[in-house]
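A.B. asks: Structure below; questions to follow.
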Amino acid sequence: MNLAKRILQGEQLTKETVLKIYEDTNIDTLDLLNEAYILRKHYFGKKVKLNMILNAKSGICPENCGYCGQSRDIKQKQRYALIPEEQIIDGAKVAHDNHIGTYCIVMSGRGPSDKEVDHISNTVRTIKSQHPQLKICACLGLTNDEQAKKLKSAGVDRYNHNINTSENYHDNVVTTHSYKDRTDTIELMKANNISPCSGVICGMGESNQDIVDMAFALKEMDADSIPINFLHPIKGTKFGSMDDLTPMKCLRIVALFRLINPTKEIRIAGGREVNLRSLQPLALKAANSIFVGDYLITGGQPNQLDYDMINDLGFEIDYDTCENKENKNDVSRAN
């Protein structure tokens, strides 16, 4: 197969080639994962970047995303307005203490008001004064140019806005905004020199072609960071009874994304615990980044299990990306 060697020599794989490889049952998933690992090791060694999410505003949303427990169609959900600055700042301290490189501040809704952007901006300034090396990622929805400039000025390093699925499959997932709304948001951030983060949710009924199209769309978008979420079905949502993933399929997807985006940060995100299950460690053979702790409205596994997983693989936390470098040689003692 020698895919990694070909890619390192400059070959650009086509969609047709990647789809054929992905669907070829004669190509063992672990062999494909090994090709991805060659690329991951070449560009990132054995380092793992750690990320943490804070749900700063929950359940107040007019959108009808079929995967989301915060959508307008869900009656029973956790709802609260944008939390006080102090709580967000406290979350940054927790991130620092847990060797987190990127702290992600997330808000529900179509997009933030100007008042909410000012609130986030003021908070980020305070966090940066206390933890200057902690990277801040904002995920606030659709924004305008003035809001993007405020976030940049405040010190926001990265902005997340996932494409979630392929352009072709988009309207099966959500109809209250367009695929272009999402890609335009990422382009706006790039225009304001904010690092673009955009990823996907797999397991919503998309085809193999859709999976390939997603990976190539993110390559064309030149997203710096690509979170791969695996659907964690939530009762009451459109995809609440979906069961389309196996651990091996998840690994195959992650390997495919690494082959197409060899130099990018690829993050294993929501749903990894319930979908990868005992094979979670193998995902880090292709991915070089994970979320630790809880997600927006679903729980994650205890941080210590993630530290142990990294250690057991012979990998290490990417201390170059985090401010807290204590316990550098023994993450098992981390809190």
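Each residue, glycine too, has its Cβ placed from N, Cα and C.
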A.B. asks: With C104, C197, R267 listed by Swiss-Prot as [2Fe-2S] cluster-binding, which of these, C68, C137, is given for the same site?
C.D. replies: C137
A.B. asks: Can you give the mean pLDDT for the domain 'Radical SAM core' (43-269), rounded to a whole number?
C.D. replies: 96
A.B. asks: Return one of helix, strand or coil for C65 ([4Fe-4S] cluster binding site), based on DSSP.
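C.D. replies: Assignment for C65 ([4Fe-4S] cluster binding site) reads coil.
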A.B. asks: Which residues, sitting 6 or more apart from C65 ([4Fe-4S] cluster binding site) on the same chain, put a CB under 8 Å from its CB?
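C.D. replies: In sequence order, the residues whose Cβ lies under 8 Å from that of C65 ([4Fe-4S] cluster binding site) (at least 6 apart) are S71, N164, V173, V174, T176.
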A.B. asks: Would you mind reading off the Cα separation of C68 ([4Fe-4S] cluster binding site) from C197 ([2Fe-2S] cluster binding site), to the nearest angstrom?
C.D. replies: 19
A.B. asks: Measuring Cα to Cα, how many Å separate C137 ([2Fe-2S] cluster binding site) from C61 ([4Fe-4S] cluster binding site)?
C.D. replies: 20
